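Copied from TrEMBL, the annotated features are:
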type: COMPBIAS; residues: 1-14; note: compositional bias 'Polar residues'
type: REGION; residues: 1-28; note: region 'Disordered'
type: TRANSMEM; residues: 43-65; note: transmembrane segment
type: TRANSMEM; residues: 71-89; note: transmembrane segment
type: TRANSMEM; residues: 96-113; note: transmembrane segment
type: TRANSMEM; residues: 133-151; note: transmembrane segment
type: TRANSMEM; residues: 158-176; note: transmembrane segment
type: TRANSMEM; residues: 196-214; note: transmembrane segment
type: TRANSMEM; residues: 221-240; note: transmembrane segment
type: DOMAIN; residues: 230-387; note: domain 'O-antigen ligase-related'
type: TRANSMEM; residues: 272-291; note: transmembrane segment
type: TRANSMEM; residues: 374-395; note: transmembrane segment
type: TRANSMEM; residues: 427-443; note: transmembrane segment
type: TRANSMEM; residues: 463-483; note: transmembrane segment
type: REPEAT; residues: 595-628; note: repeat 'TPR'
Amino acid sequence: MTTRQSGKKQTASLKPQPAVKETDLSNGNKVKGSKGEFIRKSIFFLLLLSLFTPLVYSASSFFGFVAIRGLYFRILAEGMALLWLFLPARHNASGSWLQLSLILFLLIVALADTAGVDPAQSIFSGFMRMEGFTGYLHLGLYALVVSGTGLTSKQWDWLFIASTAIALSVLVIGYVSPTGWLGDHYRFVATVGQPAFLAAYLLIHIFLAIYIGTKATWISTTIRIPVILFVCVALSWGIVLSGARSGILGLGGGLVLWGLSWLWNRFRSLPLLIGVAGMAVISLVGSYWLLQRKPLFQTIAGVNRLTNLSGGNNTLPARQITNAMAFRSFLDHPLRGWGQENYSYAFPKNYDADLVAGDGTEWYDRIHCVPLEWAFSAGIPGIIAWLAIWVFFLLKIRSFSAPEAGVLLAVGGGYFIFGLLNPDNLLAAQFFFLLTGFVGKETDQRAGTIFRFLAQGRNAVKIGLAALIAWLGYVSINAGLTLKKLNSQVTETNGFERMNKLKAIYDQSIIGRYEVADLVADFAISVWQEPNAPIEAKKFCYNQALAVMENQRLEQPDYGRLLLRVSSLHSSAGEFGKAVQAIQQSMAIDGPKRPATWMLLGDAYLSQGKPENALDAYRRAADLQPEWQLPLIMQAQAAAFRMDKQAVYSLTNRLTTRGLIEHLASVKQAYQRISDLPGFISRISAVPEGERFMFNRQVYHEWALTAFDLSLTQQTVAALNDFDRHFMEYHARFSRSEIDQLIANSQLGIRPDKLMEISARLPVSDSVPEW
């Protein structure tokens with residue numbers, strides 16, 4: 001049974017019936033000329049506009065990829081909800097369990113956010129995410145409105161066609177845009193700005209395109225099938241270019257679910273299903289093996305990252321560690337949760353120092369697993385409510401025809417799999433909630449009874465919803481004004497006036513107050529780093545930023561990370577004693593588990609001229625994670641400050657080759673402080689030849705040129721010869737005779753600066769290779 005009943009003829013009644021001017025739109029019948037029809041078309045128009053969300057961004061504005069897009073969606077969702085209030089009662093769908101589960105989910109999240117560790121942050125969110133309770137309230141209203149408006153089957157078809165066409169335009173516009181790629185065409189972000197979020201958006205639309213292929217039979221098969229195939233291939237290629245491994249897993253999982261659904265409906269054979277599933281797994285593993293080992297595929301943007309799980313490219317261990325930290329945090333508050341967007345509170349309290357052992361990210365603001373994120377944010381009730389949405393989504397798609405249900409199962413499954421390895425995001429969530437509204441539009445008898453009971457207080461509900469929409473509109477207008485003022489203040493050339501404007505923006509902001517406070521602190525720090533800025537301007541900006549941070553501390557008294565930001569402000573103004581106090585206060589709140597906080601404390605002590613205290617702090621960081629290289633470097637710096645040469649030699653000799661390369665400038669600085677640059681050259685040349693494959697151009701520049709400046713001719717020659725051997729595969733770009741000429745010139749007292757010019761010809765990266 002499908003959800004499309006509009007084409008079915010009803011059995012005529014034995015009694016004559018009056019003409020129906022306005023029908024119950026749950027059956028999708030069109031009514032012309034009525035007030036309800038006008039409102040319904042207006043909602044449909046706003047819904048169409050909402051599909052353009054991924055194309056709304058500004059690369060030159062503050063928070064241009066998320067905040068502007070989020071405000072665009074919020075304004076449209078508010079407009080749709082406002083129009084829906086005026087829709088005649090008989091135009092509203094009676095209700096379904098899926099709709100009720102959405103309402104229950106929003107109520108539980110509201111309670112968890114209100115009772116969380118930072119209610120304001122949980123409710124209003126910030127410009128970097130535009131989520132929080134207000135964000136999900138917009139998403140919930142969006143789903144409830146589209147499910148209760150009574151759109152026709154043909155309107156839904158056109159919505160999906162339009163959305164898929166927009167997804168293609170996202171690919172094209174992003175491909176030719178200078179902001180469409182991260183790095184040198186390393187990962188594709190299109191107009192979305194983040195590769196994983198782009199992959200989730202494309203993943204959903206691949207299955208929307210397939211749904212159109214199965215449903216829109218009013219389009220000729222000779223046109224429909226080739227176009228759908230082209231769209232699916234193009235969008236799949238976009239996922240590959242994004243390098244989002246979770247996107248590929250979601251796509252593969254969705255396709256497997258789709259295929260298994262088709263087989264089950266066709267043959268009803270469990271052994272066949274198991275066999276095909278096994279073959280699908282073998283095929284996926286084989287494809288991975290082939291892509292990983294064929295050099296031709298490895299040259300394609302995105303493919304190398306998809307098939308390479310080594311070095312800094314392997315983010316899985318870091319995600320596993322931070323997810324384990326999140327689970328421990330969930331156990332701290334299993335019933336009420338911490339509230340949305342409060343992982344920064346729990347993160348340092350349950351910190352696992354293994355996170356900094358490799359090359360992964362030291363700090364995570366998000367939990368990279370959607371179910372775990374909801375358990376952390378809203379506790380056990382929240383994760384149950386979230387899972388209830390999925391349960392009723394799956395139950396609801398059974399009312400669709402078998403081909404349609406199979407595709408809806410695939411899109412839901414693919415999105416769910418993606419969410420197991422990533423945080424959720426506004427763009428993907430928008431389209432999932434749209435699908436939730438689409439699937440949940442048909443009435444369930446018992447759920448309809450509940451809705452009819454609630455409808456007895458229709459006027460009170462409408463007044464409450466109107467007040468809620470008005471409040472959401474006020475918050476959106478405030479956010480828009482904040483963004484507008486942030487973009488305009490950058491043109492202010494007077495430093496005093498610019499600081500005054502930033503502080504005024506902070507005072508009036510609702511969304512993103514912490515982010516605006518951060519911008520105030522950033523500006524004050526930049527003024528202190530400006531050598532030509534008057535001392536009066538520096539002090540003024542410092543005091544204003546300090547006042548903003550103190551106000552922020554009143555709003556977030558238990559936020560240890562805020563105190564670390566305050567310490568940076570103190571350090572920029574030379575108030576190192578106050579910086580030490582702020583860091584110690586932060587550790588009193590968050591605990592001593594995070595090595596990076598000990599490193600900040602050591603830096604403040606070192607700047608204060610207290611190398612002994614700095615050494616102790618750096619050692620505490622090293623004790624927490626002995627494999628982390630940075631504490632060794634900074635211990636060497638502190639030892640050099642004390643002119644302890646033996647300690648410098650001992651500490652730098654403990655560095656791995658990768659650690660030496662990544663912190664080469666700091667190692668050189670330590671040797672300079674103890675007046676032993678020849679020791680620095682010896683440390684480079686002491687690297688075993690078997691490990692020099694990790695050397696980059698900067699290492700050879702330092703080795704050759706510093707050795708020449710110290711009149712170490714043999715070391716200069718050794719560096720130039722090693723450079724030639726290391727990059728011999730690029731002899732098409734330079735010749736051995738050029739290196740021989742540099743060697744001869746250096747022996748005549750001519751500095752081999754041409755090495756820099758030769759290096760610039762090489763098509764290589766100076767990052768440490770991942771092996």
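Just so you know, glycine gets a Cβ as well, placed from its N, Cα and C.
Note: TrEMBL annotation is automatic and uncurated.
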In the same chain, which residue numbers or ranges, 6 or more beyond the ends of the transmembrane segment (71-89), come under 8 angstroms Cβ to Cβ? 22, 34-36, 39-40, 42-43, 46-47, 49-50, 53, 56, 130, 134-135, 138-139, 141-142, 145-146, 148-149, 426, 430, 455, 458, 462, 465-466, 469, 472-473, 476, 479-480, 483
Chain residues in Cβ proximity to the transmembrane segment (196-214) (below 8 Å; excluding those fewer than six residues from its ends, i.e. six or more beyond): 54, 157, 160-161, 163-164, 167, 170-171, 174, 188-190, 224-225, 228, 231-232, 235-236, 238-239, 242, 244, 246-248, 250-251, 254, 258, 403-404, 407-408, 410-411, 414-415, 418, 422, 425, 427-428, 431-432, 435
Have the transmembrane segment (43-65) and the transmembrane segment (374-395) got at least three CB pairs under 8 Å, pairs 6 or more apart in sequence? no
Would you kindly check 96-113, 133-151, 374-395 and say which stretch has the most C-beta pairs under 8 angstroms to the transmembrane segment (427-443)? 133-151
For the transmembrane segment (158-176), sequence-distant contacts whose Cβ falls under 8 Å of one of its Cβ atoms, 6 or more beyond its ends: 47-48, 51-52, 54-55, 151, 188-192, 198, 201-202, 205, 208-209, 211-212, 216, 231, 234-235, 238, 431
